[in-house]
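What Swiss-Prot lists as active site, proton donor/acceptor is 370. Residues or ranges marked as substrate binding site in Swiss-Prot (evidence: similarity to another entry): 214, 236, 237, 238, 322, 323, 324. What Swiss-Prot lists as disulfide bond is 186-335, 200-395. According to Swiss-Prot, the N-linked glycosylation site annotation covers 66, 93, 151, 196. The topological domain 'Lumenal' annotation in Swiss-Prot covers 25-398. The transmembrane segment annotation in Swiss-Prot covers 4-24, and the record cites sequence analysis as its basis.
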């Protein structure tokens, strides 16, 4: 063969190899990652399906240039976060076979995903809530939605009714009292021990409206972690009975304790159980007699029934919704932006540090973890979809 012909043949071979490489690598890389995920799902028989999805293999990242590498890394993170959302949705309906450590790994993965509010997701979810429940009009009992003569059914003891006579009717506000609705930024503050040393107090207090649950402490050293601002706080009637002696001999202590809440609304489930009614009314009359700055509101039992039905369609089948999920649902309807603090159903942090059940006591949760609360998995989904934001760890302090 002539020397020139050999050189041409060599160049042709090199061009062919280069062409094959260009055709093979870019087009195949994403598909290859998907195949690996599917193969992993089929081959990993000992791992629950949702966790296999969340642990799908990483795509090999080409390092031709810094910009290419960063773009590929960003795309991989996006794909990982989409898989994560799918995994959360799948385990929300099936919790057997998962350990607490599995869930903490999922939380760790969630924290690696950048959070961004998704206006369309928020609007769609809020519209569904409003269609079923309408917190804006029906969240609390008012003179507008409950006229004199109404036979009101209890939320849980639904076969029992209470007639709304004038002496009860005058306890209700004329209309819904949330005059600045919709609020721009709302904080729903749970009581989880994860708030200890979080330094979230300043951030919470900057919110336009702050919801709290069951008269938690907000003064002293804890304020740097939980804030002190309160616009609405729920009261479980049992705390009135157990801590404040049904407002008989400990009425003065109750009035002293509630002074820290300023002009907040006190929200009670007066019409959930018949046993709650008298105690809730006692709180109303105690505040009225003492000319306290706080105002008493009552959960509307029909709103709570409708809300329970709404969440039941999403797999939450508990005997009764937690106060935290009730208030979170209300906040989504009343607020444009919702952030949750102190929601943590685990016995330890992702760093394996024990967490007390409440931020104001040293009691640890019962040993062992049987299943992740269905409610919390729903809240995680709302976080992943950009409908609300969960604060998992310490807050950033300027």
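Glycine is no exception: its Cβ is also placed from the backbone N, Cα and C atoms.
This view paints the features noted in Swiss-Prot onto the structure.
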{"residue": "151", "record": "N-linked glycosylation site", "Cβ neighbours (10 Å)": "8"}
{"residue": "196", "record": "N-linked glycosylation site", "Cβ neighbours (10 Å)": "16"}
{"residue": "200", "record": "disulfide bond", "Cβ neighbours (10 Å)": "25"}
{"residue": "214", "record": "substrate binding site", "Cβ neighbours (10 Å)": "14"}
{"residue": "237", "record": "substrate binding site", "Cβ neighbours (10 Å)": "21"}
{"residue": "238", "record": "substrate binding site", "Cβ neighbours (10 Å)": "12"}
{"residue": "322", "record": "substrate binding site", "Cβ neighbours (10 Å)": "17"}
{"residue": "323", "record": "substrate binding site", "Cβ neighbours (10 Å)": "19"}
{"residue": "324", "record": "substrate binding site", "Cβ neighbours (10 Å)": "25"}
{"residue": "335", "record": "disulfide bond", "Cβ neighbours (10 Å)": "24"}
(request) Give me the non-local Cβ neighbours of residue 236 (substrate binding site): same chain, 6+ apart in sequence, Cβ-Cβ under 8 Å, ordered along the sequence. (result) 214, 269, 323
(request) Could you tally the C-beta atoms, other than its own, that fall within 10 angstroms of the C-beta of residue 186 (disulfide bond)? (result) 26
(request) Give me the Cα-Cα distance between residue 395 (disulfide bond) and residue 238 (substrate binding site), rounded to a whole Å. (result) 32
(request) Express in Å, rounded to the nearest integer, the largest CA to CA distance found among the substrate-binding residues 214, 236, 237, 238, 322, 323, 324 named in the record. (result) 17
(request) Name the secondary structure element type, per DSSP in three states, that contains residue 324 (substrate binding site). (result) helix
(request) Provide, as an integer number of angstrom, the distance between the C-alpha atoms of residue 200 (disulfide bond) and residue 237 (substrate binding site). (result) 28
(request) Determine, from DSSP, whether residue 238 (substrate binding site) sits in helix, strand or coil. (result) helix
(request) Run through the Cβ atoms and count how many others sit within 10 Å of the one on residue 395 (disulfide bond). (result) 15
(message) On a C-alpha basis, identify the one among 151, 237, 238, 322, 324 that is nearest to residue 186 (disulfide bond); the candidates are the recorded positions.
(response) 324
(request) Among 237, 238, 322, 324, these being the binding-site residues, pick the one whose CA is nearest to that of residue 335 (disulfide bond). (result) 324
(message) If I take the alpha carbons of residue 196 (N-linked glycosylation site) and residue 322 (substrate binding site), what is the distance between them in whole Å?
(response) 22
